[in-house]
Amino acid sequence: MLALLAAGVAFAVVVLAQDKPLPGSHFVCSAIPPEALFAGCPLPATPMQGVSLSPEEELRAAVLQLRETVVMQKETLGAQREAIRELTSKLARCEGLMAGKAESSKDTMGDLPRDPSRVVEQLSRSLQVLKDRLESLELQLRTNASNTGLPSDFREVLQRRLGELERQLLRKVAELEDEKSLLHNETSAHQQKTENTLNALLQRVTELERGNSAFKSPDAFKVSLPFRTNYLYGKIKKTLPELYSFTICLWLRSSASPGIGTPFSYAVPGQANEIVLIEWGNNPIELLINDKVAQLPLFVSDGKWHHICITWTTRDGLWEAFQDGEKLGTGENLAPWHPIKSGGVLILGQEQDTVGGRFDATQAFVGELSQFNIWDRVLRPQEISNIANCSLNMAGNIIPWVDNNVDVFGGASKWPVETCEERLLDL
């Protein structure tokens, strides 16, 4: 085709050369070697002979060969279109120059004038032939692209393979939809399970903080304060009336060192140390009333259960200290003639710097407390001994030890307590 294009251009130049060369126009004609005639139309590579390939490899090679053929034929079509455009442009230039020459110039050589219409007509015919051949080539390329020279069995294999891939794709889409639905269901189930677990934990925490109602009796529980912090504590819901004497008894177990901390404290507005029992650092256990101090000869930091009772009366500030049913100390002048003020806050496990708060972790009680009772009188020594040896179970008439009267906070907890006899065996 390129040879035909070159012949057309050469023919136009030869015809025009019979007259005087046109001013300002120069055309260069170059010979095209025969081997260049097919340079723009490379043939597809033929498969290697004598090499045994699997059907999948032959199919893959055929597809690659088809792709390369289509790409090369597209490039050839592009080059041929460019050549046609260039030839059309030159033809237009020739027509314009010939028209101007016929109007303004004369034949100075005495030759007969040329017939421009014949030249244009011949060039048009040549161009039409080129266009016809180009359209034929494009049709052939489309035919080759749609019906390649691959063997029929390869085409069947290709079609079967494409059909199989389509079916696999549809199955995969269906599987993904099923997995999506299953994942949604599993996520919902997992979310429900998580919510149930959280609700159970929340209920358990609430039970620990507010008390467990599953005790054998309302007083068969203990408060556990396992760590020395400023946020674990118990609180007695009831408050004290104005008192002129009292007896406070409790069971406790602690192995904290140094000092067991503060088993209980009672604070009123204007006096944070209205009643406090504390063992702080290496000091002995102390009883504070209205911020006045008395040291008590009690020793309870051996990790065993001990029964403690303290009596006090405003008359002469007389006090007594009992451990495990035995009186170990007595004294007087502890806040004499001072009545215990009413309306305060009673805390288990912490010393109060303000009413109901400002706890100090170094003064916190570490251990277990139970049977915390308060009476508005001084109990007789025999009563205290009977309570300690489990022969008498007597609740406080001011503050009794009952489940619904004790709240716990900050991780403190309530647990069933050992029986009185079991506590005695632990002495």
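Along the chain as shown, the residues are counted starting at 1.
Glycine too: its Cβ is placed from the backbone N, Cα and C atoms.
Copied from Swiss-Prot, the annotated features are:
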- 1-17: signal peptide (SIGNAL)
- Asn144: N-linked glycosylation site (CARBOHYD)
- Asn185: N-linked glycosylation site (CARBOHYD)
- 219-420: domain 'Pentraxin (PTX)' (DOMAIN)
- Cys249-Cys309: disulfide bond (DISULFID)
- Asn273, Glu351, Gln352, Asp353: Ca(2+) 1 binding site (BINDING)
- Glu351, Asp353, Gln363: Ca(2+) 2 binding site (BINDING)
- Asn389: N-linked glycosylation site (CARBOHYD)
Other CB atoms, at most 10 A from the CB of Asn389 (N-linked glycosylation site): 15
Any further residue of that chain within 8 Å (Cβ to the Cβ centroid of Asn273, Glu351, Gln352, Asp353) of the recorded Ca(2+) 1 site: Thr262, Ser265, Ala267, Ala272, Val276, Gln350, Thr354, Arg358, Phe359, Asp360, Gln363
8 Å Cβ shell about Glu351, Asp353, Gln363 centroid, Ca(2+) 2 site members excluded: Thr262, Ser265, Ala272, Ile278, Gln350, Gln352, Arg358, Phe359, Asp360
Rounded Cα separation (Å) that holds between Asn389 (N-linked glycosylation site) and Cys309 (disulfide bond): 13
Assigned element (helix, strand, coil) containing Asn185 (N-linked glycosylation site), judged by DSSP: helix
Those residues of the chain, 6+ apart, with a Cβ under 8 Å from that of Asp353 (Ca(2+) 1 binding site): Ala272, Phe359, Asp360
Listed in sequence order, residues with CB under 8 A of Gln352 (Ca(2+) 1 binding site) and six or more positions away: Ser265, Ala267, Ala272, Val345, Arg358, Phe359
Neighbour-count leader, CB within 10 A, recorded positions: Asn185, Asn273, Gln363: Gln363
From Cys249, Cys309, Gln363: recorded positions whose CA lies within 10 A of Glu351 (Ca(2+) 1 binding site): Gln363
Chain-internal residues, separated by at least six, CB under 8 A from Cys309 (disulfide bond): Thr247, Ile248, Cys249, Glu320, Ala321, Phe322, Leu379, Ile384, Ile387, Ala388
Length of the line joining the Cα atoms of Asn273 (Ca(2+) 1 binding site) and Gln363 (Ca(2+) 2 binding site), in Å: 13
Gln363 (Ca(2+) 2 binding site) versus Asn185 (N-linked glycosylation site) - Cα distance in angstrom: 53
Reported mean pLDDT - the domain 'Pentraxin (PTX)' (219-420): 93
Sparsest-packed of the listed recorded positions (Cys249, Glu351) - C-beta count within 10 angstroms: Cys249
